[in-house]
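Below you'll find the structure, written out as structure tokens, and then a few comments.
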């Protein structure tokens, strides 16, 4: 979690929020079974701002924290379950999470279906409500289940979950957006299909070179060392460090760097990676001069993990958990790593016998950071399948165009970004 209260994301613009004309209109009625039905005027998450009535029922609290409250509800028109994230809105500012989520459209990112505003109990209190895809599980809960049973998560699931996480990061990083809170709790899972969706963009920000950012960001176990060193000019590579921590945790069955404090977090990292060199410290934060840790040698990666851990998994981990931010793999490079070769096998299936989820429907936007990697990322059987399915290609093209529009909007909003 970030150091600031996450009741709302701070502004990318200091102009007052333009509330919808139907702001605050919330009708409560009963259906034929006597269940409470709430009807609001909501704006679709994507596309033009055309407010419409949305009715939902069966509301119950499924989570809360410093950010606000999350409810589960059922849409009356489709019967689909959704999650409604309710956060206190500072009327002086636009909500950064909302601005970012409206630009995103990817199979591995939780979708913003609608958003609406509602009144609070106090005078002038305004809440923003984000209506999102409901996904029943998280990587955190699934991993905890295996850990409590004294078992390790099957490697095929480690591959599927991490690959989809890297795809989601390749997508948001292509827009210059850094998530800044990658952790197992923010990776939603459908256990039947093995589809993973990245959620919680409450800490996310479009990073602009030369503009400072807060260093007290990201949950402790997953914080990149440059953040611990107080860097304010970090890049999206902090997400890749966090992803490396998630990968290591899935292989180990417990967090790899379980620090009790910021300094202790660094100690845990040094126990594995060894003491960083002066050059590595300079790469993390040129202004940091107070480094006085004892000289400790790096622990061999093969001894960090269990004896039967796949060598490719260890190799991938070592390329993510690097002190030097620029030495870490990019998300696309991670997807192309040999650890994921099994997923590119045309005969691979889920342990329950089902087909694997969509893994190769890359758009131009996703591949923009390194187009030549497409030769590895899209295996021959997927190319043949795509060529035989024009509607799928049309969807991909549509997604790409939507991504291009989002990139333009991002560039426009970046200049108004603040320094949190």
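From the backbone N, Cα and C atoms, a Cβ is placed for every residue, glycine too.
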Which residue among 117, 127, 140, 216 does Swiss-Prot mark as phosphotyrosine?
216
Across all chains shown, how many C-beta atoms besides its own are within 10 angstroms of the C-beta of residue 389 (phosphoserine)?
11
For residue 216 (phosphotyrosine), what is the secondary structure state per DSSP, taken as helix, strand or coil?
coil
If one measures from the C-alpha of residue 389 (phosphoserine) to the C-alpha of residue 181 (active site, proton acceptor), what distance in angstrom results, rounded to a whole number?
37
